[in-house]
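A.B. asks: I am attaching a structure below and will ask some questions about it afterwards.
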């Protein structure tokens, strides 16, 4: 049988097999080779016959027939004429599908510039020719001539001449003495004339010679593009088009609408304009029209082609009939609706349905309820085939009829088909991978999908009208993956933090909490029971109560597996809970012999999962769900108004606070404190009062009273709900029954007057009005932040999508150090929690005995973590994604444990995407959750340090003075207090704030919880180091200092004002000096005068002539007033960190260790230099704006990395000064802090994976003898490759320094141009890729989705691996054969080779 006929039944041609895709500029010859004919007419179809016009935009001769196997005039019809070209209408008889593939072309009468290479910044044509875009446009749009060949005239090469100048030059020098041209032809000639090799040599020489930085950068840019053209095989003149390709007609269709009108693609309009203008230009040229007319027509042609390629990039946007801009070729690719994001990365799928979800409490964890109607529709093909197999129908048509009639046998078959065939459920928005899970369907009546209550947390679903989509995996492989990887029973742990996500919530928690309550004095207290039957009998007959304290004999096994029985003090409810616990010696009854809150239950599930495995966990979860629901229903807990108990002491607390606030008001009136300080203190006092009232209320609500018989009363219902974690929080209870507290303005500032009422008492009108502020802000925030958070997730996924586990071990010796994170004296993240599931980088030794506890390259399990905390180790070095040395992807050892499975991570796990989802998902969650506390102000300021351990104090860099009041005061910024225990190990170190009051001294013994130091968080002091008398310098009334008299009190306070703006104030340097008895300025012990510089807004605390002692305060600088912290500030903060933006007031960090010296001021900046300790370093200078407070004095000693001026440090500075490890620690801690404030747990490794992706580039400092250009940014991998090459050739290698890129920039600079183009700035990415002739190796996930393959992660990774091995073996076999052939010229059949074993 003929191959063509075979193709009839299998029309899909075999897919091309390719490993890489290359993009480059199309040459005119290339465009012609694609084309099937030239389009000469702008017509589309004939208005009477509706057939395409010949040589028009839809011409059948060029593009192929309209109907399958039928020519246009109808002479040849049917298959048998396949391949014949009709002599009447010249149409080939073939499939009409070719109209989607065949291209045409338009021959342009005059060349035009390709707008992408002209206008997409930086202009490629401009860079190559070294001309500005303005000049290029003047030439292209026929305003100026350009001299190509000056000849012997005085004109210069590439000089621009206007019309008059051109004519004058012709008159002056004669017509043929020089060559000048205009329009795209001129540019084409210039580009053609470039000799790239010579140009490259010239540029390199020029770069060596130049001194100026700016010029060097400019030359580097040009050199880069010249090299790109040289190596890619593109010719510069191809950026000027002489032929325009026309895309196939079925990709720009003309669709008939009812009513005889047509809807057309915008491209047809754009092509029509090009053809019209081109034809007109041809005609004008034939007619030898005047130059000016031809020029105008050429300009219009250029504009038409520009609009076709990228409408609106230059000049006005071309609009259609309805004033809507026409969609050009570039718009087809760009944006959310473009080809990349709409059709290649996101496709609509068949076999799917959606419906509302309802709760299905009787389902098992792996099941979902699917409405029969839906299932029938979704599984239709399977039902047809089964009907056919059973002989119930002979044709598909018959089967269809049976199904439509819903005959009884169809339902039986549906049951069979559905059995063990998982379906996927998805709830939008799918923020992380748990948003799509597989379930086994059970058929139900009705039209709503039933969902298991425990998976709601993963989907973030509730039943207030949410909808979910169902998808059917069709192929066997898909079903297998759904069952093995995506089944809800396989997703028990959260990929972000490794804690269980199948956790009971709401009613279930309440029921379990109620079940585990123990109350005193109930009937039957102290009775002893031997087994469950006795217990149930006693319960039912009312001898004991569910909450009675009893003794019960519990059977369990000891360490050796021997059964033992022990008597346990417990309650009947807890025993019932114990019955569902899996039997294992690792899990004791004590796990549940306590009050079960949500957190406790989560802990138990975690234990069960770790010790008993997945199956047991799933059964356990289902059982406690049933138990919880049943007991919540039995308990009948309700919510009454008397359950909201307003504490007795409330008004007393309110009155004292009111008095305090009044007192602060008075102090302000007396001029003792500033307005800012008063505000801070008042806000502070009220937030303390709110806390106090909340505490009182909690105390009253949580206590249970006993009646005359000693029977303990039932616990308060509201307290039960909040305490168990079922619903509500202490913050909400506080607003119900305590006092609502402080409210925030939309700007984030706190309103000074709090809301004293609570919701039970009711708010006054004024209070209500005040509270609307915060509530409205919350709602507005929610709407805005959801979009922001989604965009953050998208950027994160894009930057990390090609991060995949590709090997087991990269063998690196590098790692990062981990220690516990302590904030305000409390441990917020213990060392154990941070290193769990990570790999040890070096042997971990016991500090006391020096024996090896854990060997290097061990994956830390829970047991190892316990060992470490027992040994009191404070710091552990672990492997990290940041230090992994693999070229592509990350190795399993550096990544550690797969958090969602609790086992070492598998090959092919897409850890980048998981990291991105783990960071992005809570962003959206939190933004949706801002308004829950109604904007009630949550203020947190740290101002004390307390010891966490018992031990002895040692102080490093000690400088303490006893001030005039007899207190000890810290006099330096780098003073560190350490607590050392009896063994001499440092248990904790605290950095002490400048000016803090010390409560301890060197060698003191402290107890746990004892205060070490405290300070005022709202002001920063300027202290004196010497005893003496005060003198002022440059503190001139009205110029640099303003004395404000408080009218009501008559007390003056003096503030330093901005002196730069005042007349004659530019040279002032306001300062306080300390004078000795002789009236001269004293010298400081470390050299320099005792002169203390003041910054703007400093408040003076002393007068001229006052006597001071060391440690006394000379002036105070107020820090900004307390703003509420809320993830609203948090999300932008996370984005700012990931984008590696420089903060507004960036801190200035010392690059070297040395001594501070003040230099001469420069304009209105202070000059500070650091004289290095190390003689080989050079002195560093910093210019600091005058108003900034510099808290260093002349002669202070700073360490490398110390802050000279406070603020948020710029991440780039940290990288440059302290290196990668410090930068990673900074970013991880800052990002974690934002999430921690909201109580969200994210494992550090996710953030590390993203930071690794931000550090992929190297900036070249010295190019050595390589082809790299100093100053350019290049991929680390490429950098290493070129250096290796240079080393092998014995040349000098290049040196570079790592650079930090923000996630957007990093995404746009990935090695794959497909991935970058589908992310943002499509035009720019594609232009650059084409110029460079880039090759996309198709390594990441996105590129493979775009070209329609399996992604190289998960099962796709193993397929890729197998393919790789196969290719290697084939190559080996071929090499062997070639060798054999070379040895034996004409040997008989050689014996079969021994193949290498398959991996």
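Positions of Cβ are set from backbone N, Cα and C atoms, glycine also.
Under the heading Zn(2+) 1 binding site, Swiss-Prot lists 71, 73, 86, 89. If you look up Swiss-Prot, you'll see 462, 464, 466 marked as Mg(2+) binding site, on the strength of sequence analysis. Taken from Swiss-Prot, the feature Zn(2+) 2 binding site applies to 810, 884, 891, 894, supported by sequence analysis.
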A.B. asks: What is the interatomic distance between the Cα atoms of residue 891 (Zn(2+) 2 binding site) and residue 462 (Mg(2+) binding site), given in whole Å?
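C.D. replies: If we compare the Cα positions of residue 891 (Zn(2+) 2 binding site) and residue 462 (Mg(2+) binding site), the gap is 39 Å.
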A.B. asks: Using DSSP, would you call residue 462 (Mg(2+) binding site) helix, strand or coil?
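C.D. replies: In three-state terms, residue 462 (Mg(2+) binding site) counts as coil.
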A.B. asks: May I have the list of same-chain residues other than 810, 884, 891, 894 whose Cβ is within 8 Å of the Cβ centroid of the recorded Zn(2+) 2 site, in sequence order?
C.D. replies: 807, 809, 812, 879, 881, 883, 885, 886, 890, 892, 893, 895
A.B. asks: Looking at the binding-site residues 73, 89, 884, whose Cα is closest in space to that of residue 466 (Mg(2+) binding site)?
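C.D. replies: In terms of Cα distance, residue 466 (Mg(2+) binding site) lies closest to 884.
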A.B. asks: Among the binding-site residues 462, 464, 466, which residue has the largest number of other Cβ atoms within 10 Å of its own Cβ?
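C.D. replies: When each Cβ's neighbours within 10 Å are tallied, 466 tops the list.
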A.B. asks: Looking only at 71, 73, 86, 894, which of these binding-site residues has the biggest number of Cβ atoms within 10 Å around its Cβ?
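C.D. replies: Counting Cβ neighbours within 10 Å, the top one is 894.
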A.B. asks: I need the CA-to-CA distance for residue 86 (Zn(2+) 1 binding site) versus residue 810 (Zn(2+) 2 binding site), whole Å please.
C.D. replies: 65
A.B. asks: Between residue 89 (Zn(2+) 1 binding site) and residue 464 (Mg(2+) binding site), what is the CA-CA distance rounded to a whole number of Å?
C.D. replies: 64
A.B. asks: At the Cα level, what's the spacing in Å between residue 810 (Zn(2+) 2 binding site) and residue 464 (Mg(2+) binding site), rounded?
C.D. replies: 50
A.B. asks: Residue 73 (Zn(2+) 1 binding site): which of the binding-site residues 462, 884, 894 is the nearest Cα neighbour?
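C.D. replies: Given the candidates 462, 884, 894, the nearest one is 462.
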A.B. asks: Specify all same-chain residues, apart from the site residues 71, 73, 86, 89, whose Cβ lies within 8 angstroms of the center of the Cβ atoms of the Zn(2+) 1 site, ordered by sequence.
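C.D. replies: Output for this site, in sequence order: 72, 74, 75, 76, 87, 88, 90, 91.
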A.B. asks: Which residues, in sequence order, are found in the same chain with Cβ within 8 Å of the centroid defined by the Cβ atoms of 462, 464, 466 at the Mg(2+) site, excluding those residues themselves?
C.D. replies: 357, 461, 463, 465
A.B. asks: Judged by the number of other CB atoms within 10 angstroms, which among 810, 884 is the least packed of the binding-site residues?
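C.D. replies: Comparing Cβ neighbours within 10 Å for the binding-site residues 810, 884, 810 has the fewest.
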A.B. asks: Cα distance, residue 462 (Mg(2+) binding site) to residue 894 (Zn(2+) 2 binding site), nearest Å?
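C.D. replies: Residue 894 (Zn(2+) 2 binding site) to residue 462 (Mg(2+) binding site), Cα-Cα distance: 38 Å.
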